[in-house]
Structure formats: C-alpha cells, structure tokens
Amino acid sequence: MTNSPRTAAIIVAAGRGLRAGAGGPKQYRSLAGRPVIARAMEPFCTHPGVMAVQPVTNPDDTEMFNAAVAGLNFRPAVGGGATRQASVRAGLEALAELKPDIVLIHDAARCFVTPELISRAITAAGATGAALPVVPVTDTIKQVDSSGAVDATPDRASLRIAQTPQAFRFDVILDAHRRAASGGRDDFTDDAAIAEWAGLTVSTFEGDANNMKMTTPEDFAREESRLMAALGDIRTGTGYDVHAFGEGDHVWLCGLKVPHTRGFLAHSDGDVGLHALVDAILGALADGDIGSHFPPTDPQWKGAASDKFLKYAIDRVTARGGRVANLEVTMICERPKIGPLRDAMRQRIAEITGVPVSRVAVKATTSEKLGFTGREEGIAATASATIRLPWGADGLAG
C-alpha cells in the first residue's frame, strides 16, 4: 500500500485588498456572519490529508487574524512580504522544518474552497509534481492595445481561468521561489508562473466555478445575498400553556396517555405540551395562536386530540415552503414524573411532526413546591420552535 503524501497548506493572507473598497482587508470582512479568512482556512484545517496549515499574514493584522480564526487548528502565522510572491516564500521557509512532500498554496480571498477540491489538488501534485485547478473560459476574450482597440480574439478553447489551491512538490517549489528571489524576479502573480519560469511542467486539474476570489464590493454583495438565501429565513417562536387538574385517571402529555390520579379540565384533551408547541410554531410564523385557530367556544374541538392541532401547525409551515429545524418543550409539574417518559414523548412528537427525533427535546422541571404547580393543582409547559422559511415566503426580499 502506498503511503499518502505528507501535505501542508499555505494560506496567503497578507494583502490589503484595496479593490474590495472600504472596510479593512477583505480577508477579515464578514460574509454571511463569518470572516472570509475563516471560511477559507477551515477546509484545510479539517481535511484529513493536510497535516499542517501555515497562515501568512500582515503583522499589523495580528489582532484581527486571531479573532477571525479562533478555534481553528494551524501553525503560528508568519509575516508576509511586500508582494504575494514574497509572502508565499515566507510561508514555504516556515514549513521547511516539517519537510512536507506536497504543499498547497491558497489565497485567503478564495473562501469557497471545498474538501473535494483540496483532495484533487493533493492527488494532482502527487502525480505530476506541479498542478493548478482551472475552469473553462466561457466568455469571448479580447486582446486590446494600449489605446483600448481590439488587437486579437484568442481562441478560448485553449484558455483556462487559474484558481488556487495550487499544488506542488514542496522541494521543487521552494527551490523555484529561492531562485526567483536570488535572481531579482518578484513580479510573478501566482506560483504556477514561478514553476513555469523554473522549467517545471505544470499540469491542470478540474477546478470549481464556485471557488471564486472575493475582490470587489460587488463580489461581497452578490455572495452575501447567495449565502443568506441558502441559509434561509430563520424564525423562532415560544409557547406556553397550562391546565388545571379535574376528574379523571389519566392526562395527555406530549402525545402520550399517561396514567395519573386526576385528569385535566380542558375543552380538548388538554395536552399542555403539544399546545405549547403549537403556539411556538404559530408564533414563529407570526400566525396567531392556538386559540385563534381552534377556539375553545367551537364544539367541534370538544375532546379533540391535540396531535391534530400540532399537525395543523406543521402544515402551516410546509405550506409556506418551510421546515421545522428544532422543537423543545419543558414540562413544569411535581407529578407525574416526566423523566421515565422523556424518550417516548420525544418519539411521539417526532412521529406527529415528521421532525427527526434528534431535533426534538423534552425537558422537565418543578416550581420547588411554589405556586399552582407546586401545590399539584395543574401542569404548565413552555416550548420553543425554530423554523426555516425560504426568503420571500412573506414577501420579503432575500
């Protein structure tokens, strides 16, 4: 069996990103609630084939960098140089003590890199020694002269757009960078160009059209909108219900018939757990409450099973193209004891709603003998619901 190559990654993050407009270096800007650099680094930090991640940053950005990537696992950042080329060389020299077989060099501004693309880069470098991801050119390209007049129309069939991570045998790209520096060449815009200059054959592999470089304000606006649309409109709601005890030998709790010394005084079956969940879901939808949909004055709901109400609330979410992400209910009572029933309650709620049981929580507490629940005069329940709706479900733009 062939051993996997020892692979390290360099994240180039020393640039100032002036074309992105005001707001500081683009790699530290928030994109849908998360810094660009954190999005760019995490796939490398968590990839099983990458043994070390070496950031290269501007020393003036240390505080921003540490805050942006907190929680990720990487080597201490090294300071970059005056050019991208100098910054990459600083990263290579920092990795020299590790002697990796393969190095991946990635721009921090490309924050949509995927684990699959990283794996392809490692494979390509292992096979050819030098490789970069590319995507086809789909637009017609015009070559112009200094006046802006069209000089030529290159055949786009032979053109490709270069991306990162670019992947190399570590020893050969380090040598190429050292030779370029000693020869006074500091004008290369990517590492594949340095490899070509050094006489290496650079192969290509399939890139990713989504692996774009965040460069302009328009890039940030477009990708912010796309990410927020994919995330969806997240809503939360809360609910509360209470029922007093009356005559009977059982109570309905979270969809279960539970033997008890008393029953509930209620128009329906009095299931406080499900009623609280219904109100939480309707609240997340801004769609009234259980009483407005199922009035206690309406005789058709006399003795009704509360699972009908909960299914109705779920259908209201589905009708708007949404889904329930999480349900939680807390029972407040002295008796009956909820602990032994917890898992069965979660399962029953999951069956009624279609929500995975892993996203259903049932908790219990007491009022420490205080109030009506402490005096065992009834049971109360609180609930919360988190739902996801598509942007525009209520007329709002994404």
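The backbone N, Cα and C atoms fix where each Cβ goes, and this holds for glycine too.
In this view, H243 (divalent metal cation binding site) is surrounded by 22 other Cβ atoms within 10 Å of its Cβ, with every protein chain counted. Feature annotation from Swiss-Prot assigns divalent metal cation binding site to D241, H243, H275.
Following the DSSP three-state reduction, the secondary structure of H243 (divalent metal cation binding site) is strand. Look at Swiss-Prot and you will find D241, V242, H243, H267, S268, D289, I290, G291, T365, T366, S367, E368, F372, R375 tagged as 4-CDP-2-C-methyl-D-erythritol 2-phosphate binding site, backed by sequence analysis.
The region '2-C-methyl-D-erythritol 4-phosphate cytidylyltransferase' feature in Swiss-Prot is assigned to 1-234; the stated evidence is sequence analysis. For the region '2-C-methyl-D-erythritol 4-phosphate cytidylyltransferase' (1-234), the predicted model reports an average pLDDT of 93.
Feature annotation from Swiss-Prot assigns region '2-C-methyl-D-erythritol 2,4-cyclodiphosphate synthase' to 235-398.
Feature annotation from Swiss-Prot assigns site 'Transition state stabilizer' to R19 (among others).
According to Swiss-Prot, the site 'Transition state stabilizer' annotation covers K26 (among others), on the basis of sequence analysis. For K26 (site 'Transition state stabilizer'), the number of other Cβ atoms no farther than 10 Å from its own Cβ, over all displayed protein chains, is 27.
The site 'Transition state stabilizer' annotation in Swiss-Prot covers H267 (among others), and the record cites sequence analysis as its basis. Cβ neighbours of H267 (site 'Transition state stabilizer') (same chain, under 8 Å, six or more residues apart in sequence): P296, W301, K302, G303.
What Swiss-Prot records for T366 (among others) is site 'Transition state stabilizer', and it gives sequence analysis as the kind of evidence. For T366 (site 'Transition state stabilizer'), the same-chain residues lying six or more positions away in sequence with a CB closer than 8 A to its CB are I332, C333, E334, T373, G374. Look at T366 (site 'Transition state stabilizer'): DSSP puts it in coil.
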Original post:
For I290 (4-CDP-2-C-methyl-D-erythritol 2-phosphate binding site), which of the recorded positions K26, D241, H243, H275 has the nearest Cα in space?
Top reply: H275
Original post:
Looking at the binding-site residues S268, H275, S367, F372, which has the shortest Cα distance to K26 (site 'Transition state stabilizer')?
Top reply: H275
**OP:** Among all chains shown, work out which of the binding-site residues S268, T365, S367 has the most CB atoms within 10 A of its CB.
**Re:** S268
**OP:** Would you mind reading off the Cα separation of D241 (divalent metal cation binding site) from S268 (4-CDP-2-C-methyl-D-erythritol 2-phosphate binding site), to the nearest angstrom?
**Re:** 13
